[in-house]
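In TrEMBL this protein carries:
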type: DOMAIN; residues: 15-691; note: domain 'Myosin motor'
type: BINDING; residues: Gly98, Glu99, Ser100, Gly101, Ala102, Gly103, Lys104, Thr105; note: ATP binding site
type: REGION; residues: 568-590; note: region 'Actin-binding'
type: DOMAIN; residues: 942-1128; note: domain 'TH1'
Amino acid sequence: MSKMEVKTSLLDNMIGVGDMVLLEPLSEETFIGNLRKRFEHNEIYVSSILYFYSPSKFRSYLNFCTGLLSHSEVYALADEAYRSLRDQDKDQCILITGESGAGKTEASKLVMSYVAAVCGKGQEVNKVKEQLLQSNPVLEAFGNAKTVRNDNSSRFGKYMDIEFDFKGDPLGGVISNYLLEKSRVVKQPRGERNFHIFYQLLSGASEDTLKKLKLDRDFSKYNYLSLDSATVNGLDDAANFRTVRNAMQIVGFMEDELQSVMELVAAVLKLGNIEFKPESRVNGFDESRVKDKNDLKEMCELLGIEQSVLERAFSYRTVEAKMEKVSTTLNVAQAYYARDALAKNLYSRMFSWLVTRINESIKAQTKSRKKVMGVLDIYGFEIFEDNSFEQFIINYCNEKLQQIFIELTLREEQEEYVREGIEWTNIEYFNNAIICDLIENNQNGILAMLDEECLRPGTVTDETFLDKLNTICAEHQHFESRLSKNSKFLTDHSLPHSCFRIQHYAGKVLYRVEGFVDKNNDLLYRDLSQAMYKANHSLMKLLFPEGNPAKVNLKRPPTAGFQFKASVGTLMKNLQTKNPNYIRCIKPNDKKASQVFTDSLVCHQVRYLGLMENVRVRRAGYAFRQAYEPCLERYKMLCKQTWPHWKGPAREGVEVLLKGLEVPEEEFAYGRSKIFIRNPRTLFFLEEKRRQCLEDLATLIQKIYRGWKCRTHFLLLKKSQVVVSAWYRRYAQQQKYKKIKSSSIVVQSFIRGWKARKILRELKYQKRCKEAVTTISAYWHGTQARWELRRLKDEARNKRAVSVIWAAWLGTKARRELKRLKEEARRKHAVAVIWAYWLGLKVRREYRKFFRANAGKKIYEFTIQKIMQKYFLGLKNTMPSMSPIDKTWPARPYLFLDGTHQELRRIFHLWRCKKYRSQFTEEKKAIYEEKLEASKIFKDKKALYPSSVGQPFKGDYLEINKNPKYQKLNSVMDEKVLLADVVNKINRANGKGAPRIFLLTKKKFVLADQKTGQVKASVPLPDLNSVSVSTQSDGFFALKLKEGTPSAAKGDFLLSSDRLIEIITKLHRTGAASAERETIGVDISDEFLVQFKQDKVCVKFIQAGPKNGNSVACKRKNNRLLEVSVPSP
């Protein structure tokens, strides 16, 4: 660490030596012993270049003391890098290296979490931070796997540039990935797993999702998944799958993109289950055929490929040379090779697409100058029992990182000595440039020779490649081979014939050449690329662009080694432009266990990481350096002249201090701004002196403090006594004053009361006199009134008696008359009844002779006839109106006429509908047919439809034939205009609309500028695929064009109009009227995709709150989302 504050803190309360530069004596044994001592005391970080032990130890330590995390060296290093970037405007990079399982990924997460914690707050800033952090789970799921050394091993290299603004707030980031281990997709070593996402999908997806993807939860049904390590202790694949889905949504993946990615993962699993069998041909050669076509069929359904196309690609290979094509059959071995190559390419390209898609979401939106902090988490040096092309490439990358590490470290030391005016002493160290040149030399390098072999015509094998190495690299001191020309290796039986050995900076590594040529070629047959390009899946054309028949490129694609070499070169140039910060991760044991420290393993890592050389570089000149001001501040108590305050410059104070302590001059040197100490013993001598002096100063401080405390206590008591006396005297005087005041008030109140009672008595006497006169007068008037009342009552009583007697007489008279009338009425009724009975008897006797046996039937028919006649005459008078929408009908008079009544109602309704239709003109009939068509399309589906029912469809709202303003536009149209109206064309950049004239004819639709009348777009109706609208009351609609048509070059159209119902109805009727064209589909959904040139944008409709007003608003949320707020109805 270069920060002064961190260096000084290492000297206080440290266990062992916190800074390896200060280790004395410096040897490999003391170095390992110091690491072990700090490890046993849970001190898992060591400076000067930060060494960090593996996560197993780290997690157990966190459980013991979670407070250390906030003070850890990883956070201190990240803090130094962040503040240098923010305050000094220096781009930074943090390089994290180490073995697989040493904790590189955990260290990178700590760096990311620290940067997210210390930078600013705010909605946009928090969104950017969350997206940057959530990109890790996504990449880990698709790029990490369980290995024998690590349960969460990164099988790809990752470099992330985090971009900040001038305030230090994150704006976005860019991720670069290097060399995904795609061979793991088809084959895993024993005890290891495939990539996490396969197990997470099968364990965590719902039953419906698995059914859609045609998958089963049983791992044993898939050939690409190893069964001996399918489950890992401590890993919950189901929970991790939910975490990954949530992280992908936070990063910005759409739901259809999530589904597309899962379909590709399922397709890879299905691809591994496809098996082949030989089939003899007439020419004697064997041809491969698919055994069970069920998995092939399901995979083709997932990707939208015709089964016959893919089946042919597995059986034949087409080779193109200039204008000739030659088709050859594939045997079973070649078919299996093609299947595995397709699986590896499909997964690796999907992973690259994921990285690109994440970069689109997290990239900075502004184009202003940005500050950059890079975090490199890349695979460590690998030495296995069987090392192949992947280990060779990985170790080459580590060689380059070691080279830049040595160069930057030495350069930093040299620049500091030159800057401070200190004489620089050259240091001997191992420069691995010769190894890098052996691998990457453009003429004689191993990668160049491998590419030359891959591109050479004729028979090319791994053995020919090894022969070439033996020929060209035989004399190189870091290359060894059994067949090398150098005779000293001829007797080395540890070298197999098919292997070569390279002396890396980390040690010798034996590489087996088997598979070098094939893996470097990374060949995918063109037939498979073209088959994938024909798929209807949304990602296939992006993943396999070389399969486009229109862009056939006969040039051989670059090899994997060439691509990786170019990527590493770009990475090195990028790192050299930034200020480096290093984290070296050391793995304490191979058992993934805490509290276990394996000396041999740690010693091996210390050697190949070059840690001893780094410490020697730092100690070659001066082991410790510090600015004059903090040095004087820390040690000024050791000299009387500098204690307690030094008046002059800090450098002169340090000179006086060291002279007074009699430190030999050869042990230190004075720079321009720093003091340089050569030997750690000198620093420890100063620290011991300071510790003793601090103890003396502590005693003196305690003495002075105790005296000051006693004096302060006495003065406080004295002051308190004065204050208490003053307060008591004031209180006594206040009480005396209150007592006198209370007595005066009592006397005054008694006198006022006596005067008031005297006046009250006088007033009461006067009032009684007035009340007596009033009472006497009232009694007299009351007596007179009672006399008059008595007289009036007597007169009224006499009058009432006369009235009662007269009323009683009249009642008696009326009751007698009523009784007489009732008796007379009973007599008349009896006479009428007797007369009626007599007449009936007489008539029956008279007509009995005229009746026959069927008289009852005739009477019934006559009765029915009369009833029907009465029914029809009544129906004539109660007939409803002639309006077809009038649903009234007279009530049924008789139950037996129910069927007739309903049939007459139906006949009458049909007749009046016919009469109503006969009144229509042809123009009116067409309008009603359009209204009927609109009802079929939008009724109960679109909230805007009910408001359009009462509005007639006019069609030409602009009167384009009559209006002289549109004369120029009218001249362009060569056929009748069915619809002319002004619409708004929505801009994807900001969601705002621009007015356009929309014209529709039987063959095409036209968009023109409203002001100038200039035609902006003319699209034939056969090029129109479908129309998309929402279910709400807005006027937005998208015209989607067919892919591959000339009109689709600029993308789809997103428009808005108040007459949306009429426009889409006329478009649909015009398309349906022609037998040559397909019917234009209408998609009604609150979320649909619109193709803008090369990008697809999701248009999402939401209900707006009351605060947003009553207007429809369209806003751009991000690069792939337009949000339309529709007011609630």
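All positions are counted from 1 along the displayed chain.
Any Cβ shown, glycine's included, is placed from N, Cα and C.
Any TrEMBL annotation is an automated prediction that lacks curation.
Quick caveat, the model's predicted, so the values are computed rather than measured.
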Helix-strand-coil residue split for the region 'Actin-binding' (568-590), DSSP-based: 9 helix, 8 strand, 6 coil
Sparsest-packed of the listed binding-site residues (Gly101, Gly103) - C-beta count within 10 angstroms: Gly101
Packing count at Ala102 (ATP binding site) (other Cβ atoms within 10 Å of its Cβ): 25
Residue among the binding-site residues Gly98, Glu99, Ser100, Lys104, Thr105 whose Cβ has the most other Cβ atoms within 10 Å: Lys104
